[in-house]
Amino acid sequence: VRIGILEVQGAFLEHKIALLKAKEKLQLVTPIEISEVRHQSHVTSSLDGIIIPGGESTTISLFLKRNNMVEPLKKWIEDRNHVTWGTCAGMIILAKQNENQKIGGQPTLGVMDTDVSRNFFGRQVNSFEADISLSDSFLKVCPGEKTFHGVFIRAPAVVQTFSPKVEVLASLKRADMSEPVIVAVQQDNVMATAFHPELTEDVRWHQYFIERVYKNKQAMTGT
C-alpha cells in the first residue's frame, strides 16, 4: 500500500509519523510506503491514498496551479481506485464552494459537494482545542471513545452540503454556538477534517484513513 502526502505546507512530517503509529496499532502485515507529492509526476496510479495537509489554502492552491497539478490531482481523486483525505486547508481545497475567499478567489479541486467557510472560527488568535462528537459510522470502524480532542487552527467548517452522498463524520458544539457545526465529512472515497488530528497523540483518524485505503484496495483488486 502506497500513501502520498502533499508536501507543500503544513504538518506533513507529523502526518507521516501518525500514519506509522496507526499502522502499528492496526497490526497490519502489509507494509505501508509513504512518499512525498510535490510534482504532477508524483500523482500516479501506484498511489492508493493521498493526504492534503493544512497550511494556507490559497498558497497551496496556487502551488498546485503553477505546477500544473490541479487537473492530474483532480482526475486521480475522482478515480475510485484511490482514497483522499484533506485536513484544514485540505478541506477548503476539496470543496466545490468556499465562503470568505480572498479577492479573486482561488483554484480548488472541487471534488466534494460541500460549501466550506474559510476561517469559520476566526483568525489565528482564535485557534482553540475542543472535544468533537464522532459519528456512528466512524466509531464502527474505530471503536472507542465517542469524542475526539480536536486542534483547530484558523479552521474552516462545512456550512452546507449539496448531496446525500456527503456523510457527516464529526461535529462540534460550543457554548457560544446555537447549533452543532460540521467539522468532518466524507463523500465516496474522499474525506475531510477541519481540525488537525496529526497534532495529537490520538491516531484514530489516521487509522480510519488507513482502513479506508486498505478496504478500497481490496475491493478494487479482489484480494
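Heads up, the Cβ atoms here are built off N, Cα and C, so glycines get one too.
TrEMBL annotations:
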type	residues	note
ACT_SITE	C88	active site, nucleophile
ACT_SITE	H196	active site, charge relay system
ACT_SITE	E198	active site, charge relay system
BINDING	G55, E56, S57, R118, I153, R154	L-glutamine binding site
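Here the features listed in TrEMBL are placed on the structure.
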residue: G55; record: L-glutamine binding site; Cβ neighbours (10 Å): 21
residue: E56; record: L-glutamine binding site; Cβ neighbours (10 Å): 16
residue: S57; record: L-glutamine binding site; Cβ neighbours (10 Å): 28
residue: C88; record: active site, nucleophile; Cβ neighbours (10 Å): 27
residue: R118; record: L-glutamine binding site; Cβ neighbours (10 Å): 20
residue: I153; record: L-glutamine binding site; Cβ neighbours (10 Å): 20
residue: R154; record: L-glutamine binding site; Cβ neighbours (10 Å): 19
residue: H196; record: active site, charge relay system; Cβ neighbours (10 Å): 23
residue: E198; record: active site, charge relay system; Cβ neighbours (10 Å): 26
So among E56, C88, R118, all listed as recorded positions, which is physically nearest to E198 (active site, charge relay system)? Use the C-alpha atoms.
C88
If you measure every Cα to Cα pair among G55, E56, S57, R118, I153, R154, the residues listed for L-glutamine, what is the largest value in Å?
13
Take the mean position of the Cβ atoms of G55, E56, S57, R118, I153, R154, the recorded L-glutamine site. Which other residues of that chain put their Cβ within 8 Å of it?
G54, C88, A89, I92, N119, A155, P156
At the Cα level, what's the spacing in Å between R154 (L-glutamine binding site) and C88 (active site, nucleophile), rounded?
8
Do you know offhand how many angstrom separate E56 (L-glutamine binding site) and H196 (active site, charge relay system) by C-alpha?
14
What's the CA to CA span in angstrom from I153 (L-glutamine binding site) over to H196 (active site, charge relay system)?
8
